[in-house]
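Data first, discussion second: the structure below is written as structure tokens.
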Amino acid sequence: MEAITKYGSYFNVRFLSRLCWRLNLSSSYHYPLLKSSLSFSRFQSPKKLCLVRATTNPTDDNSTTRSFTPHPPSLWGHHFLSASVNQTEMDDLWRQIEALKPIVNAMLLPCNGADAKKITCFIHTLVSLGVSYHFEEKIVEFLKDAFENIEDMIIDCKEDDLYTVSIIFRVFRLYGHYITPDIFNRFKGDDGNFKKCLNDDVRGMLSFYEASHFGTTTEDILEEAMSFTQKHLELFLVGEKAKHYPHITKLIQAALYIPQNFNLEILVAREYIDFYELETDHNEMLLKLAKLNFRFLQLQYIQDLKTLTTWWKELDLVSKIPVYFRERLAEPYFWATGIYYEPQYSAARIMLAKSIILVDIVDNTFDVYGTIDEVKSLVQAIERWDSDAVDVLPDYLKVVFRTTFDLFKELEEYVSSEARSFTMQYAYEQLRILMKGYLQEAEWSNRGHLPSHEEYIEVGVASTAGEVLLAMTFIPMGDAAGVGVYEWLRSRPKLTHALFVKSRLRDDIATYKEEMKRGDVCNGINCYTKQHKVSEEEACIEFEKKTNHMSKVMNEEFLKAAKFIPLHILRPVLNYGRLADVCYKYGDGYTFAGEKIKDYITSLYVDLITL
């Protein structure tokens, strides 16, 4: 298959050309001069109520008037249409990156005098700076060989070197190697508690805290480590020493907010570049590579967003159907960036963002606007999956169905030429399952039925849209996601099940208050409180415990799956779990882009890193 290797190995020309043709854009890259700043309109409060003409009969568009509360507008709107990127700068950045890669690559070679322990710590730095993908094959090969002598590597560490032992643990687990947490027993005293001499080792404590989040369901020592390190890191932040080490303090604050293993790789990179630059022993070549790489990615992201915004503007759904859905562009693209941030997945990010936008519109059709008869007719049309199926739908649902149909047909045309029709077959299956999940929830609400928590979770896992979005995630990856990947997904592995449960629970905690306000009582928290006779606060605490348990299950199942599933397939799965933490741990970051999500998006797509 023809592929562009200029900016990455898997950038598919045929897919990008078709994407650009549909948008009436050239398939060649255009990066005019980036504007010095992007202006964003101030957040406008939505009107409290919209009255629109709608239908209670699937074939009658004029039978009733219904009301709905519109979602708040996006903070970014269509502003990325005016953003422009310089092709010359892109090419120059890439040339500099390519020139630095051999220099950094040489640092991964043991023959240069570095021992396995030092190289492992260096890999941790590459990962944290967001540049490890440039050296992935070399890293995987090194760790595979080094794991054969992992005991010797640990023994070679000083008895009190908590920092290095924690880094080694993190790196090997990150790459799918099971390394026992018993290596941390050396840091315990005769009383069974962690030694007091560790209290003053701030770097070691931070690294140990990060390592504790790789724990599985049976590793109690890592649970102890999490409590121990969190306590002492919080004490450090309120002490005098924090004032003297501001860059370490900032990194600790970020870790306590969301640890690296639960954070998005690209967000970790942005934070860590600032930290690494202030380290007195930083490597200038590596720092330069990290900055060049991040700026290059930012420019590509801006170009992707411009392409996505152009598609949305030409689609023009806001003039065709009532705007009962969340009109979002930067947010779904942020999700797609969180799944795969590397440059070779540009076309895949755009397609995934489009899929997220579409799924959200369908979700809101069931949740906010459609009558029970209407959504039933939509489910039946999806089951038929025929362009003639629109005849029985009301006008606004004809638009929704046609948009869904066209997006899938676009992907179908792409994969059929590559003998990859099995990918679309799986995607269709998951779309139908998703529709049935949405319909079940709508019927519960229509009847005023409150299911048991167990019933709700069973259906709610399907209605997270996780399975259909995973299918859409892998389709644009081409041969990198073969038939074996889809057979694995179809087997419903414990890893993906834990992911969907975690996502459901995170979503429920973040959104139940807004759902209750609009009269949607069939949500996870409400089901749990009524069944178990507990308060909302107690239910949220229990959901948080369950979420943490699912994170451990994911860690556990990842280590098992890594033995036979490639890392480039497993990482997007893990990244969906990380998105749940980043976007929903402290509120609904998709509907209401609070300061944190706003800062994330701004740091990636607006404020270019200074070289």
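Positions of Cβ are set from backbone N, Cα and C atoms, glycine also.
Swiss-Prot lists 363-367 with the feature motif 'DDXXD motif', giving a curator's inference as the kind of evidence. Within its own chain, the motif 'DDXXD motif' (363-367) has Cβ neighbours under 8 Å at 71, 324-326, 375, 378, 397, 400, 438-439, 441-442, 463, 465, 520, counting only residues six or more beyond its boundaries.
The 10 Å shell around the Cβ of ASP363 (Mg(2+) 2 binding site) contains 18 further Cβ atoms across the protein chains shown. Residues or ranges marked as Mg(2+) 2 binding site in Swiss-Prot: ASP363, ASP367.
Sequence annotations record features per position, and here Swiss-Prot assigns Mg(2+) 1 binding site to ASP363, ASP367. Under a cutoff of 8 A between CB atoms, and with a sequence separation of 6+ in the same chain, the neighbours of ASP367 (Mg(2+) 2 binding site) are TYR438, GLU441, ALA442, ASP520.
The Mg(2+) 3 binding site annotation in Swiss-Prot covers ASP507, THR511, GLU515, and the record cites similarity to another entry as its basis. For GLU515 (Mg(2+) 3 binding site), applying a Cβ distance below 8 Å and a minimum sequence separation of six or more within one chain yields VAL521, ASN523.
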How many neighbouring Cβ atoms, not counting its own, are there within 10 Å of the Cβ of THR511 (Mg(2+) 3 binding site)?
20
I'd like to know the mean pLDDT over the motif 'DDXXD motif' (363-367).
92
Using a Cβ cut-off under 8 Å and a sequence separation of 6 or more, which residues in the same chain sit near ASP507 (Mg(2+) 3 binding site)?
THR464, ALA580, TYR584
Taking just the CA atoms, what is the gap between THR511 (Mg(2+) 3 binding site) and ASP363 (Mg(2+) 2 binding site) in Å?
14
